[in-house]
Structure formats: C-alpha cells, structure tokens
Amino acid sequence: ASTSQSDHSAHTKSASLVSSDSVSTSADNFSPDLRVLRETNKLAEMEEPPLLPGETIKDMAKDVTYICPFTGAIRGTLTVTNYRLYFKSMERDPPFVLDASLGVINRVEKIGGASSRGENSYGLEIVCKDIRNLRFAHKPEGRTRRSIFENLMKYAFPVSNNLPLFAFEYKEVFPENGWKVYDPIWEYRRQVDFDLLDQIFAIKIISIEKHSIHSAKLQIKKMRSWNLTVVKPQRNLFANLLLFSLQGIPNESWRLSKINERYELCDTYPAILAVPVNIPDEELKRVASFRSRGRIPVLSWIHPESQATITRCSQPMVGVSGKRSKEDEKYLQAIMDSNAQSHKIFIFDARPSVNAVANKAKGGGYESEDAYQNAELVFLDIHNIHVMRESLRKLKEIVYPNIEETHWLSNLESTHWLEHIKLILAGALRIADKVESGKTSVVVHCSDGWDRTAQLTSLSLLMLDGYYRTIRGFEVLVEKEWLSFGHRFQMRVGHGDKNHADADRSPVFLQFIDCVWQMTRQFPTAFEFNEYFLITILDHLYSCLFGTFLCSSEQQRVKESLPKKTVSLWSYINSQLEDFTNPLYVSYSNHVLYPVASMRHLELWVGYYIRWNPRMKPQEPVHNRYKELLAKRAELQKKVEELQREITNRSTSSSERAGSPAQCVTPVQTVV
Amino acid sequence: MLGSGAKAAKPSFVSYISPEEIHIKEPIEKEVNLRLLPGEQLLCEASTVYKYIQEDGSNRGTYGKLVCTNFKIAFLDEDSTSDDNEPQFKNKIIGENDITLQCVDQIYGVYDEKKKLLTGQLRKYPEKLIIYCKDLRVFNFCLRYTKEEEVKRIVSGIIHHSQTPKLLKRLFLFSYASAAPDNTDGRNQTVMFDTLEDWRDELERTKGDVQYKAVSTNEGYKVSEKIYRTIRKPPYELLKTDDLSSSLPSLQEIQTAYTRFKQLFLIDNSTDFWATDVKWFSLLESTNWLEIIRRVLKKAIEVVECLERQHTNVLLIEESATDLCCVISSLVQVMMDSYSRTKSGFQSLIQKEWVIGGHGFLDRCNHLHKSDKEEAPVFLLLLNCVWQLVQQYPPAFEFTETYLTVLSDSLYVPIFSTFFFNSQHQKDTAMTGESLKTQSSPFRFLTVWDWSVQFDPKAQAFLNNPLYAEKPKPDKSQRKTARFKHQRQLSLPLTQTKSSPKRGFFREETDHLIKNILGKRIGKFINSSDEPPNSFREFYDSWHSKPVDYHGLLLPCVDGPEIKVWAQRYLRWIPEAQLHGGGTIATAAKILDLMEEVQNLQVKMDEEHSQAISGDLHAVPMLRNSARLSSLFPFALLQRQSVKPALPTSTWKDLEDEDDLVRRDDEFVDLSSDML
C-alpha cells in the first residue's frame, strides 16, 4: 500500500523534460485528490511514465530490477517510449524514478544468457553519453529482455533504422519561438559603435534611464520593430542617426555578402557572411579554393571602439609544396587594414605545431610568415577530437560509478581533462587579450575551423562582450559560432546513430560548456544564466527532443526544415526564464572578463560529471537554491518598495497616522 | 636609542639591541613616518631599499626605508601617495608592508642570482633579500643601492630578531602590555573559560548530566600544568576509546605535509607560477596536506557517529591530549553544535579546547625559535578543516572564510596573549613574574577576540556572513541567559527516535549526549578494536539523504572532489591567481549592496519616527563597483592595478600514452582529394 507517489505528469513540463536519476523528492506536491484517485489504481499503472505530446509507449516490462550503483537493486516497471526510457518503483517511499531520454544512449548491451544463474545476472547494460551506465536485470523466464532490447535498439537509434528522431514528433507549443532568437543581420548590426550610441542617448531622443551598454543593447533590440516612441519632429533626425549608428556591420570596412545564399561557396557556412568590403564576391571564390572546405575567413566579432576583429576560417591549403594564394594573402591584408589601430595581424592556429605541420602531407598546413606580411602565427597547442574523446573516457572511469578514493588528484590529472580545459581557456584568453589590449585583429583557425575554432571564438566573445553573458546573448552565441558556422553536431554527438565507436564522435561542445562553467565559477555575478541553464543545454544536446542541435550545418537544417518541423530548445528555455536566471547577476557595463587559466582555479564540474552520485549531490539542487535567493531578493525588493511607499505616504499625509506601523522589525541579517 | 614615536621603555626591559647597533644613530628623517605601537622600539633601519612589486618578473618597484623594530619588520614607502585609495579592509596593527617578527617564515639572500637560506651569522651580505612570511606573503628587497653599513645592520638585525631563539619574556607581548593603556573591551561575547563559572555555564548550556562536575581540583595546577578542565572517567562499557596517535598522522607528518604544501604558494615570480601549474594536482597530492585534512574530517565523522548513532561516549587519547585531541573535539563540536558555528560560539570553543585546553601554541608555532622539532601547524589544520565545512555549507556559519583567514593571520601577532602561551599555567606564571618585576599591577593582555583592536567596524563586517541562516528567534538580550536558552535545542542536534537498547541509567545519560563526554586523558589507553571501515560511509549517506538543517548536525563530504584548497588564504597574494571582478567577493559584494539598500531605507524610516539612530547599526562596507574588485580582495589591495590577463607560459605536458591519438587527424578525409 503506497501512501504517496511521484508522478511527473502532475508537474510542470520542465520536470519531465529533464532526465533524472534520483529518488523523486517532490512527493509532497500532490493534491490530496490526486492521491486518492491514484490509490484506487493498480501499482503497475502508477509506475507508468508521464508522456509528452507526441510521445507513445512502445514497450513495458514489469518486475525488472534496476541495479543502482549507489542505492542497490530495486524492482519496478521499465517502460520504453519513442522518447524515453523510464523506470519507476513503488518499493521505496518516495517512489524511485529513473527518467532518461533515449537520445542519451550510446549503446545497449545484453548481459548474461538465458542459462546464467545467480541473481541479477541476466539483463541489459546501457551506456550513456552523459557519464553514466544503467544496468537492468530481467527474469530469464519473463522473456521481457528481448523485446526491451529490440525496442531500445529501434527507438534509441532511429537514424540507423530509418525512423525520424523524436524531435520531429514532439508537438509541444511554447509561447516563444526560439528559432527566431538569432538573426544574423541584426546580430552583426548589434555590434555597434558605443560612442555613437551614447551620442544618440545624450540628445535624449529615446528615453533610456540607464546609460549602461547593456540597456543600450536592449534598446537596440527593441528598435527592431521600428515602433519607436519618438516625437514626430525628431523622427527624421533619429532615423538618420540610427542608420548611421547601426553601422556595426556593415560599416566602411565590412560588408554582408550573400554569395553563400545557396551554400555554394561553402556548404558548412551560413548564408550570410561578413567579409572585408573591398574584396568582391568573385575573389571570395578564389580565397575559398585555398581554404580547406571553402571555409574562408569571415567576421565573428568586431570591437566597438578599436574596430579590431576576430575572424575565423579553416587551414590554408598549403601542402608539402608550400602553395600560396595571392587572393588569400590580399584577403588577410584587407582584414588587417580594416583596423587602423594596428599594423599587425595575429593568426591563432589552435593546433599543436606538430599537427599543423603533419597536415601539410594531406594538403593542408598553416600560413607562413613569409607569405603573409605583418602576420604573426601562434600555435595554441589544443589537441584533436580523438585526444579529447579519450580524455573524457578516462574521466568517466574515475568518477562513475565510484569516485576513486585514493589518489584522487593524480587520477584527475592523468585524465588530462582539466588540462585540455585550461588550454582552451588560455587560447581564448590570448585572443581576447590581443583584441582588447593589443587592439589587433586576429584570425583563428584549426584544421577545419568547426571544432577548436568554434571553442576559441565563442569563448573569447564571451570574455569580450557582456551581451553574450546574458541568456539570450548566449543563445545567439551558440546559434552563431556553433550552429551557423557548422560545428558538426550530428557527427560529434551521433544523434540516433547506433555506431557508438564512430571516430567522429567527440565531446567538443561539452568542453566549451565546461569552459563556460569554469568562467561562471570564477565570475559568479557576471553571467545572467545559472549552472542549471548549462546542464539543461547539455542534456538536450543529447536528448533529440528539440531541433536545435540536430544536423551539422545551416544548409542541412534548412533542407530538413527544422524550424518548421521541430521545436527549438530556446523556445523551452525562454518560456521559463526564471529557472535559468542567476539571481546574483550584475550587468557590468562593457566589462571585459579575463578568467585565470590556471589549474589553481580550475575545478572538476562536479554538478555535471558526478551528478548521478547522490553523495555528491548538493543538498538542494542548485537551481532551487538560486530560486530561493531570487525569492529572497524579490521579498527584499518588495519590502523596499513598501518602505518607500510608506515614506511617501507619510510625507504626504503625515497627519493621518492612526497607529505606529509594525514594520521593519526584522533585522537585516535575518532577511538576507 | 629610541624610535621617534616610542615612549620611554620601562627599565625592566632587556635591551633587544645587539652591541653593534647601539652606536649608530642617524637622525631619523621624518619624510617616512614609522608608526610605532606602545612599547615598540626601533632597532635598526636601512634607507634606499628597493622593494619589488611582485609581478611578471619585471623589476618594477619602489624605494623606501626598511626598518626592524622589536615588533615588526616594516618597509616605509618613500612615495606613499596611495592615500587616495584608502583600502576598505585595513588591519590597524599590521600595515601592508609590515611583517611581525613572528610572521617571518624564512629569509633568503640572493648572491649572484643564487638563493641562499640565511640563518645566524653572515660573512657576506646579499644583494637581495627575500622574506617568506607565514601568512604566505613574499617580499623581495633589493639592497644594491643601500650603504654597505646599513645593509649589514639591517640584514643581521632582521635575522637576529626574527630567526634566533628568544626568551618568552622578550616577546613583544610583554612590552606592549606594560606600555599600552588598558583598553580591553568589556563587551566581549566570547567565553574565556578561565573561571569555574564559565565551565558551570557551559555544562548547563549543554545540559550535561550531573555526572560531569565542574571541579576546581586543579587550582594551582597541582594535577597537571596543562589540564584545566573537567575530566570524567566513565567506568561503563558504553565507551569507545580512540587513540589518535595511531589512527591519525603524527605531528611530524603534519608538519612535513604543511611545509611542502605552503611551498607551493610561496611563489617568487610568474615563471614559477606557470611552471608549477602544469603538474599542479600531482604536486598538491604529493604534499599530502589535503589527504590529512580528509583523514581528520573522517575521524571527526566517526566520532560523531559514535556519539550520535551508537550513543557511545568517546574518549580521545593522545600522548599529550593537546594536539589532535583539540582538533577532533573542536571539529566534532562544530559539526554537532550549531552554537559553535556562531562567531562567539566558535571563539568560545577555541578558548575552551585550545587556549585553556592547553594547546602548546608557543611551541607549535615555534614563536620563540626554540626547537623546530616541536613545530606543527595543528591549529591551522583545524582552521583548514573548518574552512571545508564553511565552503560546503555557507549558510550554517555566522562567520566567513575571511574570518578564518584573519584568525589564522592573528597567530603571528604578538600583541594578543591568546596564541602566545603553551598553557594557562604558563601565562599565569609569566604574568605574575613580570608584574612582580615591574612592581605594577598584573598585565592586562589583549585577547584576539576583541576584533576592534585589528579592524574598524567596516572591516569587521567582512567577518560576518550575510547569508547566515540565523535561528528563527535569536535571543540577543543578556549574554549568559541568552547562551543558555539558545543552546538547549542546539546541543541536541538529532533526537533519535529509535530507542537505545540500554535502559535506566544509561538511557538517561545517552539521551543527553553532547560534547562534554569527549574526555581527554593523558597517557595511553588500550585501543579498542577498529570499527568496520564503512560504517561511517553509511552514516554519512543516511544523513546526507535528508535535507540539511543548518542548525542541526552537519557532516562534511570528504570525497576527493570536495576537499579543496583554501584559495583565499593560500592564493591571496599571488597576482597571477587574481580574478578581476570575480571570486567569492563578487557574490559578497552583490549581497552586501542589497543589504545596504534595505538598511538605508530602514534608517530613513526610523528617521521618520524621529528616533535618534544609535551608532550601533551593523556596519556594511561599501563595495560599489564590484567589477573593479579582484578576488584578492580584501587582501593584497594595491597589487597590480593593470587589468591585463595572466597568460600561461607553461608548455604542454606530453601525452605519453596517447601518442597515436595525438597524431591522428580530425577527419579521415584526405583534404587533397577535396580540392576543386
């Protein structure tokens, strides 16, 4: 006889979206009605999963034992839908729930044969992409294993079975359309000249209370609608100023080109590219032929004051013979010339120099300083995707299921994981420093310019531009630097593909998010989003619930009509922002963040890599604590407002004082 | 032979000045003003000393005067124009460029680019002087432009006064106490445990059963010089003895570990910093310091488990019962008794378990340079362990990590008696002895718990945790009654519903189990058989599975990733480790801002009531523009004004075992075939 149970369908949709492996702690949230209703039903029904719109149950097995590495074996019902694997047991109070998206499954293996004896020796082992393994034991006589196995193989790997990913069947409707978060034209224009903006604000054409750049940017976003509250006589003046000031890009040195509108110049690049103004489209084609996979240098970011830029590309096709391209050399010169502040340009090659050299044999290579005048080449020593994959594998070994007791630190060191994180951060730091302090333009590339390059540019943008530290800004950053510039999510993650040993898989994006987390640790008030936001992004990197991380390029996404057929992750996130907001966020105006890329400040992200271990779980989930803080802040602010109102009331009608207000007895210390 | 500001020394004082110093007396220019404390005397000085700013290996720095007094070594900056940015967190006793003689750890001289440890007599004088401090500051002085005579004087003076054995009565403590006006603050909330009454109150507070009696048999220290406490000999079987000398690392091991550990933070320059960064985790591990912290915390959890779950009294045994016994019993109380997590409660605990409990601070800190063998950072070990708890459960503590850091610094400030005696007996003896000589009333020593001596109210605010989850109804009225009321619930953190199998007398007693049962004994007992090793794990897990009550039992997580380096204490002087606009201070600043806002409004409100506002309002520091603050705040304020990032210079370590992977390409497609 169960007393209370946790049923996710009774909760907000957020609860059911996020995978969990825990004793459900939300049992008290039930209305008494529901409890009564449920108690009349059978046990098995209570062990059914909640379903999302579009989700259907494909298989169900009773009397399955989940062998939890932390709390021991537990018996319950295992359900497979076209979206998730769901295990629930009423044996414990509150009921035990394991809820994982099928997208997270890396491989499924059978353990033991029908003849195997011994308890729990016959079943399935499920290896997941999010640093955990799940083991289930079936009763050999129950014949449930085979069908569960087959259904898992079918629905966890739909791509291998010519089935659609669940994202195409998910029918949830959110108030906001996340596919509209990023508009390249507006994003390039956003990178405006702040001085000019200030001038606009100085003549008070629009009412902006604060002069912070952040609010200025928000104001710019509002301007998109052109429904401006501008008084009539000033409208023309305003419009002129606005057009003038919005010359982030295009400006006198950079233009937006539509040469890649049909993805013919480069099939892994977006349709709209920002390129130097004096390089005509014809020449771009010749530059493209000299850059691996046609990935020419294009603008990522422009410094609002110095006009120093960050451009990204792939390696030049130098080859063993040391080929040169006049167009490419001229192109880089044009990038340098667009920044009057410096007579130098830095080329950051993300690879170790050995690998850059080795690439010559394959026709690739790096820019020689002889051919590119005024250019200085720096290797950032970041290793390739295979090294990173291996590093993560080692990391999993020492944290799952058990944390290595002895020699924790040297074990951690031997995974090299944090060392890789350090090098990526250090590389981004160098780039940011050159642009900010050196006022020098930089070009960033690795081999193809979609892995390490994306990590480097997006992290340095995060350091340089506070806009990207807001929730929406970060979404734009991911859309721009990762999705539009063709990070191969499909290959690196292997969505719905059963080929788990594929050498193209690598935790490149995970590393980026880890670096961001390290930055949020070092600067706890500089980011509008919280840890839960980052974990949510990673969970849905694998879940295949949203279309955001599907496919490997903009071209493919357009071809698959993802914006029409799937829901964007940002729709979900932006519809419940409060869950993802860091209450301590302070929007510093135009503040460059330099993280310290030293092991002394780097930490293993326990909240992600070791989150399945109940011992390492924070007492209350992090975001709850944040929410609590938020509530406290709101309470404080409300109080402040009350006080203010009271003051004004009293000052206006000091005569009508009936009784002394029983206000503000709480000492401040207790409130906060 | 007196410094400009010093009062005439009492004749009873032994001269600190070695003969060669006596004759040289140059007129002291007043362009640099050396601030002397009462009883402080200038011993020697040298001018045109160049002090390097610890930064990127460049030779930037300032000229000034290096002086040595009977209290400190100080560098007086010639162009101290930095008055405009008055630091918000300033120690009133020890300035930015002051090093108390007890704070000096090691002194190195540089001869032709070679570093040499300086001790005792010198034949040749170095061109550069590097002073490593116990609070982990590193000072680099260049003596190349200083007159040879002055170099000799200052170097030998500094070495003599800071590195050679000293008599207890020559501690600055005594000259300060006799010269300083008696300004002890009567409002001190800390229970000093130096009277029988204090002990009775404590027993009452913790609701100890009648078996514990506050006794005064040790009056006059007849029983033991060290023990000034209630001792209980329970003849019952429900007792577990734990010999700490066999279950915990030895003092020698602790000392070795800490010596290695602190070395990692005494960074000479940027190159050093990045060179050690590559192997940071294994270096850290090889010191064994974090592992010792882990073992100590684990042991404390085991003891808590005995008390809490098995209802067993625990008798902690150690050779002297004044080192690891103090650590474990203090930790157990911090975990079990939330009163110990308030500021006054923690201070009372230190007072009870350590100061009165007879921890040999003088020997363990080697304040008198008598014997290196006795030195061991036992008290620091406790602070390091408490810090782990503070960072795991910040809302449970009334004090901040800054509090723990300044407390650790106070170990080396010889104006407080707290950490400068081996026992209460020694203190009493010294006091009566000295006052007899001077024929005056007994000394009034300052206690470190009077924080106003070191910090003004604004700075003191940094010691209080704004996020402290205060008890719902804090009774702030009278000191003793408040304590008593306050504690009744606290001392019984978890009431086990499961009844103990024992009945009667035992039942009664175990129900009220609290910390006083942690008796300490001299000598060795028979060691009880070891517990199954994993029972503590289970105990932790079952506690952890419930939501945490910040006023109840608190257990630290001791798994590898959760035992961390106390970054504030150990990284605070290292410019490369500085985060501009970041670190925990950024959070604190944000919260304090909010508090200030509310407070201002409340003040306004109160003014409306035309009530005079007492100056008693809790001071909130002004932390405007926290983007400009660095993580080194509130320490090391003036270093590195430039906002340049610290760029790693170290090279990549070899991935020995992954050579094949390293050489692989990102893609398997041959690019040359991809060409148009």
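From the backbone N, Cα and C atoms, a Cβ is placed for every residue, glycine too.
Whatever TrEMBL says is automated annotation, not expert-curated.
If you look up TrEMBL, you'll see A:1-29 (among others) marked as region 'Disordered'.
Residues annotated as compositional bias 'Low complexity' in TrEMBL: A:14-28.
Per TrEMBL, the feature domain 'Myotubularin phosphatase' maps to A:234-609.
Per TrEMBL, the feature substrate binding site maps to A:Asn359, A:Lys360, A:Ala361, A:Lys362, A:Asn384, A:Ile385, A:Cys446, A:Ser447, A:Asp448, A:Gly449, A:Trp450, A:Asp451, A:Arg452. Counting only same-chain residues at least 6 apart in sequence, those with a Cβ under 8 Å from the Cβ of A:Cys446 (substrate binding site) are A:Ser314, A:Gln315, A:Asp349, A:Ala350, A:Arg351, A:Ile382, A:Arg452, A:Thr453. A:Cys446 (substrate binding site) carries neither a helix nor a strand DSSP state and counts as coil.
Taken from TrEMBL, the feature domain 'Tyrosine specific protein phosphatases' covers A:415-462. When averaged over the domain 'Tyrosine specific protein phosphatases' (A:415-462), pLDDT in the model lands at 96.
Here TrEMBL flags A:Cys446 as active site, phosphocysteine intermediate.
The region 'Disordered' annotation in TrEMBL covers A:645-672 (among others).
Residues near A:Asp448 (substrate binding site) in space but far in sequence (CB under 8 A, at least 6 apart, same chain), listed by position: A:Ser292, A:Arg293, A:Arg295, A:Ser314, A:Gln315. Note: A:Asn384, A:Asp448, taken in sequence order from the binding-site residues A:Asn384, A:Asp448, A:Trp450, have a C-beta within a distance under 8 Å of a chain B C-beta. In sequence order, A:Val320 constitute the residues six or more apart from A:Ala361 (substrate binding site) in its chain with CB-CB distances below 8 Å. The Cβ of A:Trp450 (substrate binding site) has A:Thr268, A:Arg295, A:Ser314, A:Phe485, A:Gly486, A:His487, A:Arg488 as same-chain neighbours under 8 Å, each 6 or more residues away in sequence. Cβ contacts within 10 Å of A:Asn359 (substrate binding site), excluding its own Cβ and spanning all protein chains shown: 24. In the domain 'Tyrosine specific protein phosphatases' (A:415-462), helix, strand and coil residues by DSSP number 32 helix, 5 strand, 11 coil.
Among the residues the record lists as binding substrate, namely A:Asn359, A:Lys360, A:Ala361, A:Lys362, A:Asn384, A:Ile385, A:Cys446, A:Ser447, A:Asp448, A:Gly449, A:Trp450, A:Asp451, A:Arg452, the two farthest apart have Cα atoms separated by 21 Å. In sequence order, A:Arg351, A:Asn355, A:Ser447 are the residues of the chain that are 6 or more apart from A:Asn384 (substrate binding site) and have a CB within less than 8 Å of its CB. Taking the Cβ of A:Arg452 (substrate binding site) as centre and 10 Å as the limit, one finds 30 other Cβ atoms among all the protein chains shown.
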